[in-house]
Amino acid sequence: MSNPSTGDSSGDSIENLSQENRHFPPSPAFAAQANAKSDLYAHAEKDRLAFWEEQARELTWDKSWETVLEWNSPYAKWFVGGKINASVNALDRHVAAGRGDRVAFHFEGEPGDTRTITYAQMLADVSKAAHALTQIGIKAGDRVAIYMPMIPEAAVAMLACARIGAVHSVVFGGFSADALLSRIQDADAKLVITADGGFRKGAAFALKPAVDEALKGKHNVEKVLVVKRTGQETAWNSDRDIWWHELVDSQSSEHTPEFFDSEHPLFILYTSGTTAKPKGIFHTTGGYLTQAAYTHRVVFDIKPEKDVYWCTADVGWITGHSYVVYGPLINGATQVMYEGTPDTPHKGRMFEIVAKYGVTILYTAPTLIRTWMKWGDEFPKAHKLSSLRLLGSVGEPINPEAWMWYREVIGANNCPIVDTWWQTETGAIMISPLPGVTSTKPGSAMKAIPGISAVVVDDNANPVPNGHGGFLILDKPWPSMLRGVWGEDERYKETYWSRFKGIYFAGDGAKLDDEGAIWLMGRVDDVMNVSGHRISTTEVESALVSHEAVAEAAVVGAADEMTGQGIVAFVILRGGIPHAGGEELVKELRAHVTKEIGAIARPRQIMVVAELPKTRSGKIMRRLLKDVAENRAVGDATTLADPNVMKLISEGLNSSKDED
Ligand code: WT7
């Protein structure tokens with residue numbers, strides 16, 4: 001192990017600096033009722049493929065598969081020869097079993113309008129939309145771009161595509177016309193489904209003008225189907241544009257589905273790489289649906305008759321695909337869908353929604369949890385959150401302190417937390433506690449779920465022993481794995497299968513603690529090299545967030561003549577802590593990091609800022625902070641959620657020189 005105090009380097013690809021000794025086992029009552037019990041690990045291990053076949057049998061197939069897996073690395077085919085329809089699994093089978101009256105979505109618009117949509121209603125809506133798509137010439141295999149606010153029609157549009165075998169490509173509604181056009185072009189979409197606009201931050205925003213702007217470019221889009229959401233004035237091209245309500249509402253609500261090959265493409269979803277051209281990650285049907293439904297069942301412990309489940313992700317992200325649309329609907333869950341922002345019209349809006357619908361399972365991102373911490377405890381405390389029984393986190397490492405806050409303030413010390421690691425590419429959860437089994441540790445995703453294999457390795461692909469850091473790899477194929485990068489086979493092989501020949505590696509660093517639990521350590525590209533020590537951004541950030549004054553932190557390695565790189569930290573303070581120059585506080589924070597994880601990780605410089613640069617999905621863009629830390633002009637910031645943030649940060653810095 002490394003010894004920060006003497007400066008000896010461990011030689012690990014990433015150092016293991018932090019220690020966490022807290023454990024939180026599930027309560028006996030939770031464990032007793034859990035969907036997944038501890039025997040599931042051994043059961044899956046005994047015969048992995050038979051295990052996945054069992055999970056696949058939970059779905060409705062028109063024809064069973066002949067071969068469970070054909071694996072020619074890096075190409076996988078799952079449930080080969082099977083025939084299946086995604087929308088039948090999400091909807092028809094519940095209605096056929098007499099569950100048509102169950103609520104599928106409690107929709108809450110940002111202005112406060114609400115809709116309650118049952119499974120029977122969803123099926124009718126999807127059937128109508130499927131007829132409409134067919135009527136305008138969409139066929140199986142055609143690509144459809146969906147550019148929508150977070151409203152039920154977004155899910156209806158996705159399922160209608162799936163129903164007729166068309167491939168959806170959802171483009172997050174916050175993306176620009178340029179981003180939309182490049183995705184339309186890359187997938188060669190034939191149709192765009194959009195809305196006039198949606199509601200965010202207390203106002204109507206427009207979407208249709210961005211579609212009009214995008215379609216000035218080169219493309220093969222024939223029609224644009226437009227949902228009326230806001231009623232705002234909308235420019236119209238009558239050769240091309242069709243109102244959703246005019247075309248869809250009058251269609252028959254009965255639709256006979258066709259069944260597609262298990263490996264039929266279901267969707268493309270672009271990962272917004274922070275620099276390179278986005279990659280069209282594409283997923284197929286049978287394996288994807290199997291793992292989405294299975295993980296939703298065992299990780300979220302869903303009890304469809306009782307639970308009210310709320311995943312706060314937008315359908316524009318993979319989380320919205322797997323854990324709003326496919327997983328929960330296949331499992332017959334009742335969900336909350338919210339259109340707007342968390343602070344509209346007040347900072348307690350989301351807690352108000354939890355109380356209003358009696359939400360039992362909440363799945364959200366560390367960025368939001370830390371934002372709630374920053375706003376202060378009075379907002380969650382003003383609402384009755386006692387319906388909650390399980391909490392989930394996804395998207396970034398969750399700092400132990402944020403984890404504890406989530407547990408105490410949101411979960412009243414009463415809810416298991418599942419920190420779920422996965423990616424757009426993996427399609428579904430890969431590493432997570434099982435809530436009724438795992439004794440969790442704040443900040444750790446713990447271990448691969450039953451059926452999945454994840455290993456932490458060194459530079460030569462050898463597994464690292466406990467107590468060491470390295471690269472997180474997935475060494476066995478899994479049902480919901482990406483099947484490729486749309487139209488870019490070389491890029492698929494190069495990006496994911498070349499760092500370690502024939503093994504999947506997608507860029508995350510991780511460590512095993514002394515008990516073998518997995519800790520995600522951020523992207524390996526962000527790892528800092530300080531005097532030969534390879535230090536993860538995550539560990540230093542977590543050490544900072546463990547100070548009572550800090551809500552959020554981002555650290556980067558900036559060029560340093562003495563040490564190679566020096567650690568520069570940007571911190572946001574918690575609600576109630578004054579943002580003043582605070583030289584004292586900066587000193588205290590540096591000492592705090594030294595105490596928590598060692599002198600080698602002590603930041604060279606700490607700057608108190610009001611905001612951090614984040615992507616639209618909430619990930620911190622450390623690359624831009626590195627530009628600031630190295631006194632460079634800030635690079636490509638087009639994927640920033642808030643374009644003003646970098647200006648604010650740079651301005652703030654001129655007035656705070658904290659080095660001592
Ligand atoms: C990357 C994937 C998976 C849905 C949302 C993000 C990071 C994701 C965790 C977690 C630490 C996490 C990784 C991963 N990440 N979940 N629980 N702990 N890091 O999907 O946009 O494809 O991003 O998000 O770096 O590689 P995505």
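Cβ coordinates are placed from backbone N, Cα and C, and glycine is handled just like the others.
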Message: Based on TrEMBL, name the residue from ASP508, ASP513, ASP514 that is recorded for the same ATP site as GLY395, GLU396, PRO397, ASP419, THR420, TRP421, TRP422, GLN423, THR424, ARG523, ARG534.
response: ASP508
- line: Counted with DSSP (H/G/I as helix, E/B as strand, rest coil), the domain 'AMP-binding enzyme C-terminal' (539-619) has 25 helix, 27 strand, 29 coil
Message: Using a Cβ cut-off under 8 Å and a sequence separation of 6 or more, which residues in the same chain sit near ARG200 (CoA binding site)?
response: GLU110, PRO149, GLU339, GLY340, THR341, THR344
Message: When you rank THR424, VAL545, LYS619 by Cα distance to ALA203 (CoA binding site), which of the recorded positions ends up on top as the closest?
response: LYS619
- prompt: Within 10 Å of GLY395 (ATP binding site) (Cα-Cα), which of the recorded positions LYS201, THR319, VAL545, VAL550, LYS619?
  reply: THR319, LYS619
- request: Find, for the listed binding-site residues ALA203, VAL545, VAL550, the residue with the lowest Cβ contact count at a 10 Å cut-off, counting only other Cβ atoms.
  value: ALA203
- prompt: With respect to ligand 1, which members of the binding-site residues ALA203, THR319, GLY395, PRO397, HIS547, VAL550 satisfy a Cβ distance under 6 angstroms to one of its atoms?
  reply: THR319, GLY395, PRO397
Neighbour count (Cβ, 10 Å) for GLY202 (CoA binding site): 12
- prompt: What's the CA to CA span in angstrom from HIS547 (Mg(2+) binding site) over to THR420 (ATP binding site)?
  reply: 24
Field: Secondary structure composition of the domain 'Acetyl-coenzyme A synthetase N-terminal' (39-90) [DSSP: H/G/I, E/B, coil]
entry: 22 helix, 15 strand, 15 coil
